[in-house]
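J.: My questions will all concern the structure given below.
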Amino acid sequence: MAGGTFATQGSHPRHAADGAITGSVVIICIVAASAGLIFGYDVGISGGITAMPPFLEKFFPSIPKKMAEAKPNQYCIFDSQALTAFTSSLYISGLVSSLIAGRVTTTTGRRGILIIGGIIFMIGTLLGVVAVNLAMLILGRLLLGFGVGFTNQAAPIYITEMAPPKWRGAFTTAFQSFLGGGALLATIINWFASKMGENGWRFSLGCAGIPAIIMTVGAFFIPDTPSSLIQRGQLQKARQSLNQVRGVDSDTEAELNNLINYHEAAKAATKQPYKTIFQRKYRPHLVMTAAIPSFQQLTGINIVAFYAPVLFRSVGLSLNGSLVGAIILNFINFSSTFVSAYSVDRFGRRLLFLEAGVQIILCQLVLAYIFSAELGTAGTSSFSKGSAILVLVLMCIISAGFGWSWGPLTWIVPSEILPLEVRPAGQGICIASNFLLTFILSQVFLSILCKMKYGVFLFYAGWVMIMTVFVGLFLPETKGLHLQEMNKIWQDHWFWYRFVEDPSSNYANLTE
Ligand code: BGC
């Protein structure tokens, strides 16, 4: 590395303390990853409650009416703007708040953002539980979104900055595992709630408060990250935080000095983070932090996540069958994140992206075929039992592929490729792009299903093809590298090298 002082071994530099996993770092990361739990709970809860008759009758009475028709068009039963507004309102407020979080984190620190987000989320939960009309329900969901925008902006960066570099991928995957766990929990709670009668949905919404309390209270007891503390001039606290996560026996002074130098080099740029990230030398970072989270949504995962119970009902399963189907699906999604945690630092990010891309495309093509064969374009016939089960199996395979690739990697890759000076802004852009696409797609999905019919699966298969080629061509491997030496991946890249400057000019003082 020209002018740099890192010890290198082979093509990738490696460091002595890279592998140390202490009890503290595990606990600290668990608290941060709980932010995933509250997000996942929201993802999982909406699909189930929107399939519950008492909830639909109270807030969306047109849907039970359509279901009662003699020969309803299965593609269009759930095509209701109010219903989609309920699901997607969370993402519109999350979009705004993640951008705000990217700015205020420089003052509040990563931990402060987690706490503020958790408190707003709890207020939103309360409002949903006591909702007596659609306005209250949607306002509550907007507040949930506001909270989640904050916590999603902070948690992945928090974990990335705390984790030992060698296991950074596995640690940051915890965010997605908790997310998947939250969604799974939500579907199980929905199943119980569906048996509780009139107000079961209130119970479902209220349970979101439990993980939120755990995360928010836990956040008071964890330190902020060394990088964030250095950024705010709190050197002594940064040293304590580093000692706490790396363990008393390890020599943290070198890592601390390295972070301080890195911060000094990045200082000027940190003042105007959103302006800075648009400079030419940050083009690869900007493109990746916007493209990866947008592509994640274009895998079509949220059709599966939000509308699985609704889709299962469309293919003729009972309410109970469709809620159980959603539990199975979420269980697979959750379990597959552990495959990712195991593989991501061993085999790298690219391999997971590429393999899962192929798997998802194939399943979507088969789904399109089954829907066209069973429902045709009129959508008035119904599915045979065998086909309904096949739909569930294919959705499970998609969910598994997503759970070990685009799911966790969307949180890992942007937070690790972003240099410190643009990290909060970049992460804000990452969440905002993700939420924007989630919002648009969840807003239009039920009506595209109604209009494009089985073509909706071809639509997503096309996108997964594009994004898989994109990763193959443009995303360099980041496994095992220190955050401070990421610039190297762009310098060595056949396309991106022309945008980045020699890092030695910026970060010449970094020593190990
Ligand atoms: C995505 C969500 C999705 C969830 C499913 C997350 O990574 O951002 O939109 O619903 O995974 O597990």
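Heads up, the Cβ atoms here are built off N, Cα and C, so glycines get one too.
Copying in the features that TrEMBL gives for the protein in this structure:
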type	residues	note
DOMAIN	28-479	domain 'Major facilitator superfamily (MFS) profile'
TRANSMEM	20-41	transmembrane segment
TRANSMEM	82-101	transmembrane segment
TRANSMEM	113-132	transmembrane segment
TRANSMEM	171-194	transmembrane segment
TRANSMEM	200-222	transmembrane segment
TRANSMEM	286-310	transmembrane segment
TRANSMEM	322-344	transmembrane segment
TRANSMEM	351-371	transmembrane segment
TRANSMEM	383-407	transmembrane segment
TRANSMEM	428-448	transmembrane segment
TRANSMEM	454-475	transmembrane segment
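Quick one: how deep are these features, and who are their neighbours?
T.: Beyond its flanks by at least six residues, the transmembrane segment (82-101) meets 42, 46-47, 50, 59-60, 63, 113, 117, 134, 137-138, 141-150, 152-154, 306, 424, 427-429, 431-432, 435-436, 438-439, 442-447 of its own chain at Cβ-Cβ distances under 8 Å.
Beyond the transmembrane segment (322-344), the same-chain residues lying 6 or more positions past its ends with a Cβ under 8 Å from any Cβ of the stretch are 44, 47-48, 51, 169-170, 173-174, 176-177, 180-181, 183-184, 186-188, 190-191, 194, 304-305, 308-313, 351-352, 392, 395-396, 399-405, 407-409, 412, 479.
Only residues 6 or more beyond the boundaries of the transmembrane segment (428-448), in the same chain, are considered here, and those with a CB under 8 A from a CB of the stretch are 78-80, 83-85, 87-88, 91-92, 94-96, 98-103, 145, 149, 152-153, 274, 277, 286, 289-294, 296-298, 300, 302-303, 306-307, 310, 410, 414-415, 456, 459.
Sequence-distant contacts of the transmembrane segment (454-475) (same chain, at least 6 residues past either end, Cβ-Cβ under 8 Å): 287-288, 291-292, 295, 298-300, 303, 349-350, 353-354, 357-358, 360-361, 364-365, 367-372, 375, 377, 413, 445, 448, 493, 495-496.
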J.: Are the transmembrane segment (113-132) and the transmembrane segment (171-194) close enough to be called in contact, which here means at least 3 C-beta pairs under 8 A that are separated by 6 or more residues?
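T.: Answer no, regions not in contact.
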J.: Given a Cβ distance threshold of under 8 angstroms, which distant residues of the chain, six or more beyond its ends, lie next to the transmembrane segment (200-222)?
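T.: Same-chain contacts beyond the ends: 27-28, 30-32, 34-35, 37-38, 41-42, 45, 48-49, 52, 54-55, 111, 114-115, 118-119, 121-122, 125-126, 128-130, 140, 144, 147, 151, 182, 185-186, 189-190, 192-194.
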J.: In the same chain, which residue numbers or ranges, 6 or more beyond the ends of the transmembrane segment (171-194), come under 8 angstroms Cβ to Cβ?
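T.: Beyond its ends, the transmembrane segment (171-194) has Cβ neighbours at 25, 29-30, 32-45, 47-49, 52, 155-156, 159-160, 162-164, 200-201, 203-204, 207-208, 211, 305, 309, 319-320, 323-324, 326-327, 329-331, 333-334, 336-338, 340-341, 344, 403, 407-408, 410-412, 415-416.
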J.: I'd like to know the mean pLDDT over the domain 'Major facilitator superfamily (MFS) profile' (28-479).
T.: 88
J.: Checking distant contacts: for the transmembrane segment (383-407), what same-chain residues at least six beyond its ends satisfy Cβ-Cβ under 8 A?
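T.: For the transmembrane segment (383-407), the far contacts come to 176, 179-180, 295-296, 299-301, 304, 308, 311-312, 315-317, 325, 328-330, 332-337, 339-340, 343, 352-353, 355-357, 359-360, 363-364, 366-367, 370-371, 373-375.
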J.: Which residues of the chain, 6 or more past the ends of the transmembrane segment (20-41), have a CB below 8 A from one of its CBs?
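T.: Sequence-distant neighbours of the transmembrane segment (20-41): 114, 117-118, 121, 147-148, 151-152, 154-155, 158-159, 162-164, 167, 171, 174-186, 207-208, 211-212, 214-215, 218-219, 221-223, 244-247, 250.
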